[in-house]
Amino acid sequence: MGSLSDIGLAAGINILSAIGFLLAFAILRIQPFNDRVYFPKWYLKGTRSSPRHSSNVVSKFVNLDCGTYLRFLNWMPDALKMPEPELIRHAGLDSAVYVRIYCLGLKLFVPIAMLGLSVLLPVNWTSETLEKTKALTFNDIDKLSISNVGKGSDRLWAHLTMAYAITFWTFYVLYREYKVVATMRLNFLALEERRPDQFTVMVRNVPPDPDESVSEHVQHFFSVNHRDYLSHQVVYNANKLANVVDKKKSLQNWLVYYENKHARNPEKRPTAKTGFWGLWGKRVDAIDYYKNEIEKLSIEEESERELIMNDQKAIMPVAFVSFKSRWGAAVSAQTQQSSNPTIWLTEWAPEPRDVYWPNLSIPFFELTIRRLIMAVALFFLTFFFMIPIAFVQSLANIEGIERVAPFLRPLIEKKVVKSFIQGFLPGIVLKIFLILLPTILMTMSKIEGHTSLSGLNRKSAAKYYLFLFVNVFLGSVITGTAFQQLDSFIHQSANTIPETIGESIPMKASFFITFIMVDGWAGIAAEILRLKPLIMFHIKNSFLVKTDQDREQAMDPGSLDFASSEPRIQLYFLLGLVYAAVTPILLPFILLFFGFSYLVFRHQIINVYSQQYESGAQFWPDVHRRIIIALIVSQILLMGLLSTKHAANSTPLILVLPVLTIWFHIFCKNRFEPAFVKFPLQDAVVKDTLERATEPNLDLRAYLKDAYIHPVFYCEAQSFASMEEDVEEKNPLVPTKRTSQRSSPSNSKHASELGTHS
């Protein structure tokens, strides 16, 4: 990586890019024809009307109020005005807690940055070790790091003291935040309105029974063993039907497009090719072709519906079981149902929006195999991605390559070109390489068989974080060090290579500074511009929209992409904690990222994003755990660095820190994590009692009847309800087709599956 001038050029490019994105956003957001792009959440809530209803033709498309252009930065203070309780009511707890992660970054790193810049920076700068070492490639940024402190120097005690200060401050901040979020979750669950998932559990691996269908078996088992059992809904394998419905909707969109095209030019019938994406094939009348194709799919759809409703094999050994009270659901979800722990597996049902229906049809015995295959695939994906990482690092260390490949020097010796390549190109190339990765990892998580969107997001986030840690962080440090000190590695003996690596690890701070500016500055500014949704909305509005309802469907509010955004935030926590005691000059760049991101995402949550589901901040233990991992990694790396500095006396002292950190994590896990996994029975009883007192005539059966029907069956909810007719609530007998089992041995299959009456 280059010098201060290279970083200055990169900073200039990224700051100008960010300002350009923000100015474009400030102008585009106040134009009437973009109102649904930048304020879709308010339209979905029904509290905002289109400004295009003006009688002035020009004002329907262009904002003619000059005052709004002078107040183009008003969105910034507006994003901070909404208090947190109102934000939770407006956007949900998941969104409110998500933006707290950015706030947590500010709380953590502002004091650390002040201490590091005021104490460690002068300690590092005033040493002259690198200037006296001819074998190493270094620059001005490196002289601000621990690499510039001599071996065995008393100055290293400052870094050790800083490590202790960072560790205990992180403990304090994480404990308070965990406590606050856990309290917020419990209050949210206690105060939130009635939802189907509060009364429902998901049952998997329902064992087969020779005498009863899956539905009858589920009803019999829970009627016998749970006195609060109310009703259930079995799960049908409707994946093929869902594909047919999706394909039909796609063809209907094309039909609307060609009908609108024909309406604008009635004299000419539109035509289309029948091949792939309309690129080749026979040219036909587009309107007639799509009408015929839709009619064929309608027949196929009806046939598939009949097949599912009449084929017992379409019923999966999975069911959503509802109870008369939250207490009954909590008991069922949080207890083992059978002496055989592999059957009748219960867990809290995701809320209906959160269910990922395609994976409910996966046989339970396949899940372990699928997850093993995906673990192996993740290993090889991570391993082979080292190749592009090494390429990126080759761009970031031109000086090191010039020393072993001098023939490249004339091409890149020009100062401006060199500064651009070293200061900007590595970060943007790495960003490009990572674009498709979240999609790949999400696909892998779907193959693993997770049954909720929130679960898919958390598992994908775990994979992405592992990938960023191994490839972007460790990979950049290791491959970058190898490239940067290539000449030293070739000419030095093997026993001196570890020292060279130890001294060179802090030198990668300059590369990460570049990455932060590209990803955390310009990248976040591009997020608020919403260029892709802007273009897609106007394309749909021009070719597909006929009614106001179509226009609402053309809006793409999007949602928080937790699977990719949260691991990215964790990378910044990792970089901040690792380099705080090593190269503190990196911290201001991280602080700018956290502050700017907090502002942008608060605005997006208030005005744009519409969350797909609400998990009640169930992801927070993952956030806490990854910051703990980052802290331990920073301590271990500092221990290695100090050992290369011949600071042997510091090793026992710094070895204490990882031990303390692990103890702190275990303490927080035992103290707070149960609030994110289990629902207290006491709280369930309180909520049930209050509900019975305020709504004595509540018909819970009717409320829950259609909650967990597959989306493709919503139009036939009544027929499916009749298929799953439950026994009368007051009937003391449990009807069953099973023959008498009074003579069955106590250890028979039926006895182990059915249990005893509760």
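Every residue, even glycine, has its Cβ placed from backbone N, Cα and C.
Here is what TrEMBL records for this protein:
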type: COMPBIAS; residues: 737-758; note: compositional bias 'Polar residues'
type: DOMAIN; residues: 9-177; note: domain 'CSC1/OSCA1-like N-terminal transmembrane'
type: DOMAIN; residues: 198-359; note: domain 'CSC1/OSCA1-like cytosolic'
type: DOMAIN; residues: 370-642; note: domain 'CSC1/OSCA1-like 7TM region'
type: REGION; residues: 726-758; note: region 'Disordered'
type: TRANSMEM; residues: 6-28; note: transmembrane segment
type: TRANSMEM; residues: 97-121; note: transmembrane segment
type: TRANSMEM; residues: 156-175; note: transmembrane segment
type: TRANSMEM; residues: 372-396; note: transmembrane segment
type: TRANSMEM; residues: 416-443; note: transmembrane segment
type: TRANSMEM; residues: 464-483; note: transmembrane segment
type: TRANSMEM; residues: 571-601; note: transmembrane segment
type: TRANSMEM; residues: 627-644; note: transmembrane segment
type: TRANSMEM; residues: 650-668; note: transmembrane segment
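A Cβ distance under 8 Å defines the sequence-distant neighbours of the transmembrane segment (156-175), meaning residues of its chain 6+ beyond its ends; these are 104, 107-108, 111-112, 115-116, 119-120, 123, 146, 149, 577, 580-582, 624, 627-628, 631, 634-635, 638, 642, 645, 647, 650, 653-654, 657, 660-661, 664, 668. With a cut-off of 8 Å between Cβ atoms, the residues of this chain six or more beyond the transmembrane segment (571-601) that come close are 76, 79-80, 98-99, 102-103, 105-106, 108-110, 112-113, 116-117, 120-121, 124, 141, 144-146, 159, 162-163, 166, 170, 465, 468-469, 472-473, 505-506, 509, 512-513, 516-517, 520-521, 524-525, 527-528, 560, 626-627, 629-631, 633-634, 637-638, 641.
Note on the domain 'CSC1/OSCA1-like 7TM region' (370-642): its mean pLDDT in the predicted model is 80. Using a Cβ-Cβ cut-off under 8 Å and counting only residues 6 or more beyond its ends in the same chain, the transmembrane segment (650-668) has close neighbours at 156-157, 160, 163-164, 167, 171, 174-175, 178, 624-625, 628, 631-632, 635-636, 638-639, 642-643.
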